[in-house]
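Everything below concerns the one structure shown next.
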Amino acid sequence: MANENKAKPSTVTNKGKKRKQYLPHNKAVKKKGAYPLRPGVQGFFITCDGGRERQAAHEALDVIDSFFEELVNGKDFGEEPAVLPNKPLNKKITFSYSDDEGDDDDDKGDGEGEEEGQEEVIKSNASKEIDASQESLTNKDLDHPNSDDVCHGKVTEENSDNQKDGANIENQADNSEEPPAKKQCLETDTSKSATNEKEKSIDKLIEAELNELGDKSKRLFFNLDSGCNGVVFVQMRKRDGVPSPKDIVQHMMTSAASTRKHMSRFILRVLPVEVACYYSEEEITRAMKPLIEQYFPVETQNPRKFAVLYEARANSGIERMKIINSVAKSVPAPHKVDLSNPDRTIVVEIVKTICLIGVVEKYKELAKYNLRQLTSPKQ
């Protein structure tokens, strides 16, 4: 009974407070999953079906990486592979046991009688010619009784000369054949060394790529947790001499509109994000200055027509028109607002407390950058 009444050990002290749990080396425990979305990043804002964020994130990484490689290597999407010259064409092949040959045999059977008759006539003519040639030879032997000796002598001399010539020709052929054999050996050695070098270089490239994939700090694209249902954000690291998110998305949409090839199952819309900041008006106007200088310069002979696209998720504490007006006022005077047919569209997406800004072209012509709608068959 005394053992049953003993209290179980717990972390609660006599005063009713929990004991402090100290982490090893005073380091915070990393949470599982992707890092949260934060200001100062660039990448791709992707919408998907609710509950399919994980699948859409994996799919988006593959699709974006493939289009990025196409832009870097200068290849066009949707090109058919060239036909190899040594590739055999599709030809009809008949075997010995095929039906076609059996039909041919039946057709040949009808003309066998005629062919046998012709063969008999040819054989009789040939036998007559052979008899005539034998008679002419016997007549010549009778006219020249000693001709055998003379002929044999000439033949032996000619045979000896021919044997000498043949031996010389064989020696020359052996001498001439030796260098190609050596060349072949050298060629095989060089080809083997070249193949070994290629294999080593390919192995090194594969190892380097695997090391880059394993090291998260060297990855160019990786997923960030948006914290919203139906929203995926893929961050792109800032590097010099690399296509921007706008160029990658523009290439993706134009190729999808031209080829209409199915690319993704879960991705709906892909928008480039070049600036990320907090959602206050002052932060937005400050962060948009480099974008305005790049896409809407003051001194230009071709002023652009633009529109502002605004959408907010998980944030109802900000007025829509305030953000739109602040973005529109930051664009200088030569450029004008045109909501019906804009040349460029400024995309403003607010996710919780983060404002994502990007610039796109042909927004309405490319089905509002909806990848599923662009790749669906025309009705």
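Each residue, glycine too, has its Cβ placed from N, Cα and C.
Annotation comment: TrEMBL describes 98-119 as compositional bias 'Acidic residues'.
Per TrEMBL, compositional bias 'Basic and acidic residues' is recorded for 120-131 (among others).
For 138-164 (among others), the entry in TrEMBL reads compositional bias 'Basic and acidic residues'.
The compositional bias 'Basic and acidic residues' annotation in TrEMBL covers 179-199 (among others).
In the domain 'THUMP' (255-361), the DSSP tally of helix, strand and coil residues is 29 helix, 38 strand, 40 coil. Sequence annotations record features per position, and here TrEMBL assigns domain 'THUMP' to 255-361.
The region 'Disordered' feature in TrEMBL is assigned to 1-34 (among others).
What TrEMBL records for 78-199 (among others) is region 'Disordered'.
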Confidence summary (mean pLDDT) of the domain 'THUMP' (255-361): 93
